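I have placed the structure first, in the form of structure tokens, so that the comments after it can refer back to it.
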Amino acid sequence: MSVIPSSRPVSTLAPDNDFREIHNWTELLHLFNQTFSDCHMELNENTKQVVLFVFYLAIFVVGLVENVLVICVNCRRSGRVGMLNLYILNMAVADLGIILSLPVWMLEVMLEYTWLWGSFSCRFIHYFYLANMYSSIFFLTCLSIDRYVTLTNTSPSWQRHQHRIRRAVCAGVWVLSAIIPLPEVVHIQLLDGSEPMCLFLAPFETYSAWALAVALSATILGFLLPFPLIAVFNILSACRLRRQGQTESRRHCLLMWAYIVVFVICWLPYHVTMLLLTLHTTHIFLHCNLVNFLYFFYEIIDCFSMLHCVANPILYNFLSPSFRGRLLSLVVRYLPKEQARAAGGRASSSSSTQHSIIITKEGSLPLQRICTPTPSETCRPPLCLRTPHLHSAIP
């Protein structure tokens, strides 16, 4: 799933006098096993395999359910409302693609990184994972930017062309994400032997340069460029909402800070670890025990980064009252009539005490929701929004 292969890329770890005697990858891996064994550190590989399997399984089950629900609910809505929903829908598709690749990684872990699925799947599974990983990050970035633009831009030109612009951006993201992994995937090969392994094997003489180039490009495109954009535009959106002083502005501001924090937690450890291991001995020198420690936990950190597939549906969908209402409506459709009537009654009762703003068309003024009060309550006056896009700009 990265430029750090499971067997550890050691062309830069071997001593110079031994390295001159190495002529192919098999000899290099054999030398590495001898060199690495000289660094003693008590780390239980069996425990790590169990932890990885459980972690992968939990992410797979929870992420699969969440993203399928997000896609189902938003597909029903996207034909009628577009708005920022398009980015959320595409991000869920990308996250689902990552989730669907997890069973292969789980089996690979349990087989101690023996690859049993042939040369084609070795490249394709890695390509499929990387393309969806970049897509998810890019759609998250586009969503952060577009949310701020939607909150601040009321020009007629934007109102007329925003649907077309969003569709073009989404298409461009998929194309870009399909191209970016190619330099890495081209050098992913199946190393034959009694226990074949799927590894990043760039040309032997220039392996260090290739590994560094791929690692730097992954960090730049996957973190250093998206993170400032996500942080800046979410902070700007939060400041904009706070100035408006709406009832829900505090909750929305906290959500936007949560978007930033979750992105950092998921991706910063992964990129720092990958860069340290790639730069080791060629540009920096790390102690033997630290290298051993980083290699041991790299796969756990890599797996931990996939938590964004679980966090994204929660942050951008399930915390939204409108999404939960649409999800309940979708569930009610498939319930038996009596249960559906009871669920519908509960949904109606809970929603009658909430005030909401409905956007009938993009760019139109908000209308007051029709309220039918119960004997114990009265209708509250509508909230006045300074922008007609607040409801649609906050998932």
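Using the three backbone atoms N, Cα and C, a Cβ is placed for every residue, glycine included.
The N-linked glycosylation site annotation in Swiss-Prot covers Asn24 (among others).
Sequence annotations record features per position, and here Swiss-Prot assigns N-linked glycosylation site to Asn33 (among others) based on sequence analysis.
The 10 Å shell around the Cβ of Ser329 (phosphoserine) contains 15 further Cβ atoms across the protein chains shown. In the three-state DSSP classification, Ser329 (phosphoserine) falls within a helix. For Ser329, the entry in Swiss-Prot reads phosphoserine.
Look at Swiss-Prot and you will find 1-53 (among others) tagged as topological domain 'Extracellular'.
The topological domain 'Cytoplasmic' annotation in Swiss-Prot covers 76-86 (among others), and the record cites sequence analysis as its basis. The average pLDDT computed over the topological domain 'Cytoplasmic' (76-86) stands at 63.
Taken from Swiss-Prot, the feature topological domain 'Extracellular' covers 110-123 (among others), and the record attributes it to sequence analysis.
Taking H, G and I as helix, E and B as strand and the rest as coil, DSSP gives the topological domain 'Cytoplasmic' (146-166) the counts 18 helix, 0 strand, 3 coil. Positions annotated as topological domain 'Cytoplasmic' by Swiss-Prot, on the basis of sequence analysis: 146-166 (among others).
Sequence annotations record features per position, and here Swiss-Prot assigns topological domain 'Extracellular' to 190-213 (among others) based on sequence analysis.
Annotated topological domain 'Cytoplasmic' per Swiss-Prot: 236-254 (among others), in sequence order, evidence recorded as sequence analysis.
Mapped onto DSSP helix, strand and coil, the topological domain 'Extracellular' (277-295) counts 11 helix, 2 strand, 6 coil. Residues annotated as topological domain 'Extracellular' in Swiss-Prot, with sequence analysis given as evidence: 277-295 (among others).
The topological domain 'Cytoplasmic' annotation in Swiss-Prot covers 317-395 (among others).
The annotation transmembrane segment is assigned in Swiss-Prot to 54-75 (among others).
Only residues 6 or more beyond the boundaries of the transmembrane segment (87-109), in the same chain, are considered here, and those with a CB under 8 A from a CB of the stretch are 1, 6, 49, 52-53, 56-57, 59-60, 63-64, 67-68, 70-71, 74-75, 78, 115-117, 121, 125, 128-129, 131-133, 135-136, 139-140, 142-143, 146, 166, 170, 173-174, 177, 198, 299, 303, 306, 308-309, 312-313, 316-317, 395. The transmembrane segment annotation in Swiss-Prot covers 87-109 (among others), and the record cites sequence analysis as its basis.
Residues 1, 84, 87-88, 90-91, 93-95, 97-98, 101, 104, 117, 169-170, 173-174, 176-178, 180-182, 184-185, 188, 198, 221-222, 226, 229-230, 233-234, 237, 259, 263, 267, 308-309, 312, 316 of the same chain lie 6+ residues outside the transmembrane segment (124-145) yet bring a C-beta within less than 8 angstroms of a C-beta in it. Taken from Swiss-Prot, the feature transmembrane segment applies to 124-145 (among others).
Sequence annotations record features per position, and here Swiss-Prot assigns transmembrane segment to 167-189 (among others) based on sequence analysis. Listed by sequence, the residues of this chain that lie at least six past the ends of the transmembrane segment (167-189) yet keep a Cβ under 8 A from its Cβ atoms are 3, 86-87, 90, 94, 119, 122-123, 126-127, 130-132, 134-135, 138-139, 142, 146, 198-203, 210, 213-214, 217-218, 221.
Beyond the transmembrane segment (214-235), the same-chain residues lying 6 or more positions past its ends with a Cβ under 8 Å from any Cβ of the stretch are 2-3, 133-134, 137-138, 140-141, 144-145, 147-148, 180, 183-184, 187, 200, 256-257, 259-260, 263-264, 267-268, 271, 274-275, 278. Among the features that Swiss-Prot reports, transmembrane segment is placed at 214-235 (among others), with the record citing sequence analysis.
A Cβ distance under 8 Å defines the sequence-distant neighbours of the transmembrane segment (296-316), meaning residues of its chain 6+ beyond its ends; these are 1-2, 4, 6, 41, 43, 48, 51-52, 55-56, 59, 62-63, 66-67, 69-70, 88, 91-92, 95-96, 98-99, 102, 105, 109, 136, 140, 143, 255, 258-259, 262-263, 265-267, 269-270, 273-274, 277, 395. Sequence-distant contacts of the topological domain 'Extracellular' (110-123), counting only residues of its own chain at least 6 positions beyond either end whose CB sits under 8 Å from a CB of the stretch, comprise 6-7, 49, 53, 104, 185, 188-190, 195-198.
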